[in-house]
Amino acid sequence: MAATTLYQSVGTLQSCRNNGNSGLCPDYGHVSFRSVSKGFKVDVGLLRGGSFCSRKRSTCVIQASASQATVFDEASAPSSATTSDSNKKTSEASLILIRHGESMWNEKNLFTGCVDVPLTTKGVEEAVEAGKRISNIPVDMIYTSALIRAQMTAMLAMTQHRRKKVPTIIHEESEQAGAWSQIFSEDTNMQCIPVVTAWQLNERMYGELQGLNKQETADKYGSEQVHEWRRSYDIPPPNGESLEMCAERAVAYFTEHIEPQLASGKNIMIAAHGNSLRSIIMYLDKLTSQEVISLELATGIPMLYIFKEGRFIRRGSPPAPTEATVYAYTKKLAQYRQKLDDMFE
């Protein structure tokens, strides 16, 4: 069910250099501080051939320019102002994974892969429902694939979050794109959540199957052959990627760019695709190649993990607002929800 489905994460992209043009972004226990300026840019480095985010360096950096202000989110501040080394050691971060809602080619039963198609009306509704499920979970930063169906899912989900911060896609595909998308209001910056798009999180590339009807393809090549292309771990479709090849790029990106943000205490949401998320779950849950091929992820159902003391702990899928289930929040998430209640009710 939902507990075997999907999860996505968002954390704040903060690797700031302490010099005249950038601010220090420390994390004190459960209190997340970040530097905000009149404008900032994010350089997300290349990973095995390139990134849609930046071509400039191999690390994730937010560089602040102009005047700076240190800001923290009241809702994520601890009840006690006391911080210590022991608090830092026991800090935790949330990781939310969401498979995109139904796409127009899902509806038509076509192999989609890396073809860039949007959500259906049902997919939009699924994304909104996913947002309701995570509306009480802190989100500092969002990662999506470079494909519109994943980006739509992330944006629509965040319209339901109680903090009402605005997800803002970081454009660093060129120097001009970065310059033209700057925000020149510190107050507005404080109410934004950076969204990084990365081709490494794209769906598995289905090669010569892309655009073909799944049933017609099975009739032509045989259901066993098509099942092998779709569900084996290391056998790719003609001129396409196997799950193993997809996992190589997706997991490498996760460990190099996303996991360090979680380790620093940032809460992350990832909106991506069935195969790229299966690959990441394989890493998080230490699944074998045989176990991962049987893993099915429902569209639009978030899965929550807690990152604590270097380990990923699966918490299952947060319930919908209409469900009577009592969800097992951690103490930190329960405190965050209580502060949202105090702020907005």
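Here the Cβ of each residue, glycine as well, is placed from N, Cα and C on the backbone.
Automatic prediction, not curation, is the source of TrEMBL annotations.
Annotation comment: TrEMBL describes 99-106, 112-113, R149, 203-206, K214, 230-231, 274-275 as substrate binding site. Positions annotated as active site, tele-phosphohistidine intermediate by TrEMBL: H100. Taken from TrEMBL, the feature active site, proton donor/acceptor applies to E203. Taken from TrEMBL, the feature site 'Transition state stabilizer' covers H273.
R204 (substrate binding site) sits 8 Å from H273 (site 'Transition state stabilizer'), counting Cα to Cα. The most densely surrounded of the recorded positions E102, E203, judged by C-beta neighbours within 10 angstroms, is E203.
Calculated from their C-alpha atoms, the gap between H273 (site 'Transition state stabilizer') and G113 (substrate binding site) amounts to 9 Å.
The two recorded residues H100 (active site, tele-phosphohistidine intermediate) and G274 (substrate binding site) have their Cα atoms spaced 8 Å from each other.
Note: G274 (substrate binding site) has non-local neighbours R99, E203, L297, i.e. same-chain residues 6+ apart with C-beta under 8 A of its own C-beta. Considering other CB atoms within 10 Å as the measure, the emptiest surroundings among the binding-site residues R99, K214 are those of K214. The C-beta environment of W105 (substrate binding site), restricted to residues of the same chain at least 6 apart in sequence and closer than 8 Å, consists of F111, T112, V115, V117.
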